[in-house]
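Below is one structure, written out as structure tokens, with a few remarks after it.
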């Protein structure tokens, strides 16, 4: 910037603003409103009474001098004298209010930076902007300053009012000015407390960017917005003409512009968040994320898996409610984002699928005892657990005692984790524990009675609202139901009357699994890892848990009278060390089947099959051997399970073809 390019006044004002650019100051607005008292109109220009105090007269003369010196002689102003006089009086009254408050605080005026500008707005009319600040000012004093200035401003306005008012009317005018806050302070509303706090502005920036850019009013009455006159504590902008003011603003803007402008991109989520999170909120969110990740669904699980966070929340004020609400958010997140099938599948150890044998699982053995296609039954159950069964949203295990109903249901519920239990003893609120769950378990269901309609809605996967004890009603989203019973739940009795109209609707909502085969006493429980492995096996072998996949595999949607035995399960072969399908032919040896021929030893080695005979096995073909064939078969079954002769023959034909086998089988048996 060349030194002789601009006047000393312009450069002085620019440098002065740059020195004060980072000083924080209060921003006040002085105004008045049109008032009517007992038919007497008091407007913005009703305060032209001659001032009597010498200090006020001196301030008024200073305002007149500022107007004259800052007036641009290139065009003639048309602002009338009455408007000018009113502005001069307002200027003296505003400065008088400022000086009186400074005296109250024992602050020397020379230690304060201030700026005053009188303006006219299209909507607001006359108003005066005041910036004031210094080393003895703090943000907490802003509201106190506003109250004091409001009191002095109302008092001096009443003194300067040239309308003939009675003493009572003067008091009323002052009350109106104080109650309506004719002096306002720039504030902001805190997002958390919702309270107003003082908003400080930067002294130099506010003047250069806002006040100096406005146009001067040159007509009376004013047609457009603009400023009348301005003054400051440094006497730097008092006598600047409109063009010089704009030049100061431009020079200040150019000098204060940063060399590099850094841009930041704010995402919509950050804008929405918008507030500062407390440490407590951050801690709760972190804990909640860990609980969801570890699938914690009960206080007991929390105590065992995350004891530190549990103790931390328990020690806080209102810790019990905090624990309860946090756990409720966790279960709600799981219920809305995962299905019961998803929670089961994620527990599967996929590395063990290579050696996993589906027929060996206790669940499939129970189904196989009935001659069922256990793959088909498990596939149907998984579709319901994945909320893909449509209206048939309930898996019903029913039949006599000790047939395996509860152990299968218990294994599924344990694998899901987030399970709600129906409480038949709580007559008024039986579903109190069933909200925000991935699975509803109804153990030993009985007569539905008065609750039949509510049961039908939940069993069909509808969204309904239920009553809770001590709370308002709550919504249950579509949730799979698993149910066990020894009774015929399709027969509904209300009092002593049977209601047959409910029978078919109940059947339409159930996946009917009727177990009748009594299990031996040493059968044992279903392993906790069994159902995750079953689900993983089904997915790996193309049995997706969707009704479309089920229909593609088995032909149609299952109904109440579904025949689980059709189609038959293909008989697995070459499963060393695994049990055979219970509904295939009994285990046998060549002795029990009276075969005259046996494969060559080299063939057995090629097939990696262990021979069924031992050195103590009687020789085939003798009378002793024929009489003890049954005992030999039983001994073989009691020992390590071996392939049947029919299976070996089938494998040999697959490996060597029919012609070589025909030749081998035609040779006489040589047992030497």
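The backbone N, Cα and C atoms fix where each Cβ goes, glycine too.
Looking at the stretches 200-204, 205-209, 210-214, the one that Swiss-Prot records under the feature motif 'RCR-3' is 210-214. Check Swiss-Prot against the ranges 489-519, 613-643 and you find region 'Disordered' recorded for 613-643. Range 191-195 is the one annotated as region 'Ori-binding', of 191-195, 281-285 (source: Swiss-Prot). Of all the binding-site residues listed here (119, 127, 399, 401, 406), the one with the fewest other CB atoms within 10 A of its own CB is 401. Considering only the binding-site residues 399, 402, 405, the residue whose Cα is spatially closest to the Cα of residue 127 (divalent metal cation binding site) is 405. Sequence-distant contacts (6 or more apart, same chain, Cβ under 8 Å) of residue 404 (ATP binding site) comprise 362, 366, 397, 515, 519, 523.
Taking a C-beta cut-off of under 8 Å and a sequence gap of six or more, residue 129 (divalent metal cation binding site) has these contacts in its own chain: 27, 28, 29, 115, 116, 117, 119, 211. In sequence order, 397, 398, 399, 484, 485, 515 are the residues near residue 405 (ATP binding site), counting only same-chain partners six or more apart with C-beta under 8 A. Counting every protein chain shown, 15 other Cβ atoms lie within 10 Å of the Cβ of residue 402 (ATP binding site). A sphere of 10 angstroms centred on the C-beta of residue 400 (ATP binding site) encloses 12 other C-beta atoms. Within 10 Å of the C-beta of residue 403 (ATP binding site) there are 22 other C-beta atoms, taking all protein chains into account.
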